[in-house]
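K.L.:
Copying in the features that Swiss-Prot gives for the protein in this structure:
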ACT_SITE  LYS249  active site, schiff-base intermediate with DNA
BINDING   ASN149, ARG154, ARG204, HIS270, GLN287  DNA binding site
BINDING   PRO266, ASP268, GLN315, PHE319  8-oxoguanine binding site
COMPBIAS  324-334  compositional bias 'Basic and acidic residues'
COMPBIAS  335-345  compositional bias 'Basic residues'
REGION    324-345  region 'Disordered'
Amino acid sequence: MPARALLPRRMGHRTLASTPALWASIPCPRSELRLDLVLPSGQSFRWREQSPAHWSGVLADQVWTLTQTEEQLHCTVYRGDKSQASRPTPDELEAVRKYFQLDVTLAQLYHHWGSVDSHFQEVAQKFQGVRLLRQDPIECLFSFICSSNNNIARITGMVERLCQAFGPRLIQLDDVTYHGFPSLQALAGPEVEAHLRKLGLGYRARYVSASARAILEEQGGLAWLQQLRESSYEEAHKALCILPGVGTKVADCICLMALDKPQAVPVDVHMWHIAQRDYSWHPTTSQAKGPSPQTNKELGNFFRSLWGPYAGWAQAVLFSADLRQSRHAQEPPAKRRKGSKGPEG
């Protein structure tokens, strides 16, 4: 009887405990980065907690799992060929450092914000380690076009379906298939809008395909978007607002999270309520009941004058705290008592 061919074993998500030889670490205390506060907080929509305190997602067209101990950020990268399984290289780790902008020292920023803002000082005691990701401009732009009138869970689903439909397949881990983010060319195709509507993007489908075409046909392609990193905040914000589906809030998100504009302060209903509730701020136009282009600029200027050139980072701390407290209030009491700090160390 002929021997049965052995099927290749499917690659699975790793944990630090199960495969320590395939991980590398970056010195980074929790006070400088809290993965559980940063990755699910509405900056990027592509990270999942696949195992307790182990976050898996796509960064620079590679699939990673990240976890942390008290003083270290631990990283493992998955390559398509199992024979190439090895710990991340120094160049690969540098991509992680840049993604989390670890050259920016949070402790100094928190100290400054706390010294000028007593409310921030109070909130920050429980929400150390909130920092801004430096995302790919294309991924950030189209993710936040999907964010219009939406919540984090629904945006996450839309972005995932967008990547599955138009992004390159990278690797399968357990029963999860990971895709890279689609290119401008892939999103500019003639059938894209109709396909995205079938995937549940609604009116945002038109904005996705129209913005991709506008960048390619009217603005000069990817280089135009990337060079906005060198422009002033005001110039970059104005340029982004030309694109279909990009208003003041979405433009501020892209400026802050992809274009190196730490002073950008995205204003949504959360920040509007925080400003009124905790800072007694009111727009000069007393009739204004919520965010608008004019009031967004006014509130952004208020926070910039209070917090300084990294105002967008300070805003992210308050936003994450408000988001976490809202989720906590909605959880059943039994779940609230559970936590996933991650591996000890």
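Numbering starts at 1 and runs along the chain as displayed.
Cβ coordinates are placed from backbone N, Cα and C, and glycine is handled just like the others.
Source: prediction; values computed, not measured.
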K.L.:
Please identify which of ARG154, ARG204 has the densest Cβ environment, defined as other Cβ atoms within 10 Å, among these binding-site residues.
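P.N.:
By the 10 Å Cβ neighbour count, ARG204 comes out on top.
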K.L.:
Select one residue from LYS249, HIS270: among these recorded positions, choose the one with the most other Cβ atoms within 10 Å of its Cβ.
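P.N.:
The residue with the most neighbouring Cβ atoms within 10 Å is LYS249.
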K.L.:
Just the number: how many Å between the Cα atoms of ARG204 (DNA binding site) and ASP268 (8-oxoguanine binding site)?
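P.N.:
So the alpha carbons of ARG204 (DNA binding site) and ASP268 (8-oxoguanine binding site) sit roughly 18 Å from each other.
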K.L.:
Calculate the distance in Å between the alpha carbons (Cα) of GLN315 (8-oxoguanine binding site) and ARG154 (DNA binding site), and round it to a whole number.
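P.N.:
One finds 23 Å between the Cα atoms of these residues.
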K.L.:
Given the recorded positions LYS249, PRO266, ASP268, state which is nearest to GLN287 (DNA binding site) when distance is taken between Cα atoms.
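P.N.:
Nearest by Cα distance to GLN287 (DNA binding site): ASP268.
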K.L.:
Find the shortest Cα-Cα separation between PRO266 (8-oxoguanine binding site) and the recorded positions ASN149, ARG154, LYS249, and name the residue that gives it.
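P.N.:
Closest by Cα: LYS249.
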K.L.:
Using Cα coordinates, what distance in whole Å links PHE319 (8-oxoguanine binding site) and ASN149 (DNA binding site)?
P.N.:
17
K.L.:
Is it possible to get the count of other C-beta atoms within 10 angstroms of the C-beta of PRO266 (8-oxoguanine binding site)?
P.N.:
26
K.L.:
Radius 10 Å, atoms counted are CB only; among the binding-site residues ASN149, GLN287, GLN315, which position scores highest?
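P.N.:
Top count of Cβ atoms within 10 Å goes to GLN315.
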K.L.:
Which state, by DSSP, holds HIS270 (DNA binding site): helix, strand or coil?
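P.N.:
SS state of HIS270 (DNA binding site) = helix.
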